[in-house]
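For reference, TrEMBL has these:
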type: REGION; residues: 82-119; note: region 'Disordered'
type: COMPBIAS; residues: 82-95; note: compositional bias 'Polar residues'
type: REGION; residues: 174-234; note: region 'Leucine repeat I (LRI)'
type: REGION; residues: 253-318; note: region 'VHIID'
type: MOTIF; residues: 284-288; note: motif 'VHIID'
type: REGION; residues: 334-366; note: region 'Leucine repeat II (LRII)'
type: REGION; residues: 472-546; note: region 'SAW'
Amino acid sequence: MQTSQEHRSAGIHGFYHQPVQEIDPYGFSHVQILDSNMYSDARSQGTSVSFDTCLGQFVTLESSSATSGFVVYDSPAASISSNRSPFSPQGSHSCISDPHHSPENIYGSPSSGSSSADEDNILRQKLRELEISLLGPESDITDSGSFCFVSGGYQAEPSASWDWNQMMEMIPRLDLKQVLLACADAVSNADIQRAAGLMHVLDQMVSVSGEPIQRLGAYMLEGLRARLELSGSKIYRALKCEAPISSDLMTYMGILYQICPYWKFAYTSANVVIREAVEYESRIHIIDFQIAQGSQWILLMQMLACRPGGPPAIRITGVDDSQSAHARGGGLDIVGHRLSKVAESCNVPFEFHDVAMDGCEVQLEHLRVQSGEAVVVNFPYVLHHMPDESVNTWNHRDRLIRMVKSLSPRIVTLVEQESNTNTKPFFPRFIETLDYYTAMFESIAAGGSKDVKQRINAEQQCVARDIVNMIACEEAERVERHELLAKWRSRFTMAGFNQYPLSSSTTTAVKDLLKEYDRNYSVQERDRALYLRWRNRDMATSSAWR
């Protein structure tokens with residue numbers, strides 16, 4: 001449980017508004033890259049290197065590239081406990097039969113004239129060619145191909161050896177998404193030999209400095225390695241120790257904040273809703289469950305200060321987390337001081353109350369709600385971190401929603417990633433993660449950061465942890481548990497909330513915001529909510545409740 005409480009990556013929920021500073025661009029001193037030469041002697045002498053030993057080398061995120069080290073596997077040296085498989089007990093479900101998740105249609109674009117069966121056959125043929133290339137023509141491969149879907153998995157020839165020279169010739173003809181899916185399926189089915197071979201193939205295909213899919217592939221590969229070694233929590237402890245200094249982390253967050261609209265979408269949409277909901281209130285109490293640097297409330301205070309009849313008295317309760325405190329370089333007193341200075345400059349009566357604890361630890365008495373206050377609650381990209389009924393009986397996700405309802409709030413704003421990774425078993429969750437983050441990495445690339453090295457650092461420090469967590473960890477260790485708006489609607493409705501329709505002013509404000517970004521971003525009004533989209537993929541939703 002310690003890991004789940006301490007891990008708060010600076011992913012989509014960590015794009016904080018701060019000036020970008022000059023820093024050492026790469027900062028890769030903590031990254032461990034295996035030297036491929038250390039295995040060359042073993043291969044030339046015909047000896048084998050056990051896969052479990054090789055995996056032990058990967059403790060921190062690896063900067064994978066075509067020249068990075070790789071794992072050699074000639075015999076099934078690693079073993080799985082016969083008492084309980086460490087892999088997903090549900091097995092896997094092939095995504096190829098689903099047109100919304102096919103590799104050629106990776107984030108929901110409309111299917112072309114080819115059917116899903118045709119796509120299935122194409123993938124089978126490509127994987128069969130890879131099998132022939134890896135195992136050589138002497139291997140016993142049936143007409144259906146050894147890389148075939150049987151009970152949701154790929155069947156392996158356990159005694160076969162890999163022909164690396166032929167494999168290297170085959171790699172340029174492979175599709176990276178297909179190989180990632182094949183490797184994830186092998187991991188899901190505890191097929192150690194096949195997973196090891198495919199990881200070697202992937203080592204030659206991914207790169208943290210390559211195209212968006214290559215960069216994403218590097219981090220997804222690390223997640224697969226960590227899962228196969230059962231080292232997800234160990235990787236997190238290592239990453240925790242190797243975290244950058246606060247000024248660098250703030251810089252990385254600032255880079256992503258500037259080149260992507262995800263966090264500004266949350267600020268802008270929520271502020272318009274809140275301003276309209278408290279238009280005639282004289283005393284406002286804002287409870288922010290992800291206060292971060294407090295930047296959102298600077299904008300809102302400036303708007304309310306110009307209100308006819310004078311500004312209201314504002315009290316803000318900020319809930320903190322360890323990642324935000326590290327990025328700030330101090331506690332919530334920094335946020336309180338910053339907001340107090342802004343309030344003073346706007347002549348807004350102001351009070352700040354800090355709740356320095358994880359959101360799932362917050363109880364009613366911590367919030368200090370007073371009679372006569374118009375209560376506003378803000379949930380920006382944070383509720384998905386709260387464990388629900390699938391993790392433990394405390395079900396902090398629904399508990400928090402019910403607790404907030406007991407405050408009779410004037411308005412509750414919710415912004416979340418539009419992704420479904422909470423209760424899915426491993427392989428479908430891997431598909432969803434690949435689908436969602438393919439779009440995100442493309443959108444980051446479209447932001448056009450002038451300093452590529454800083455962008456690499458930003459992705460590694462602010463996004464990679466989320467990806468590894470979703471792939472490598474289970475139960476309480478997996479804290480990245482996203483849900484779709486439909487599921488959030490069910491949770492809020494069961495707690496007694498009604499969805500609050502967003503005004504046209506909210507949509508207009510977000511559309512104006514998106515004018516600063518790539519034209520592939522768009523916003524849609526749907527189901528009384530706003531959907532932020534990249535191309536034809538829903539990325540985030542903003543909704544309001546009362």
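Glycine is no exception: its Cβ is also placed from the backbone N, Cα and C atoms.
Across 174-234, 334-366, 472-546, stretch 334-366 shows the highest tally of CB pairs under 8 A with the region 'VHIID' (253-318). For the region 'SAW' (472-546), the model gives a mean pLDDT of 97.
Counted with DSSP, the region 'VHIID' (253-318) comes out as 34 helix, 12 strand, 20 coil. Helix, strand and coil content of the region 'Leucine repeat II (LRII)' (334-366), in residues and according to DSSP, is 19 helix, 6 strand, 8 coil.
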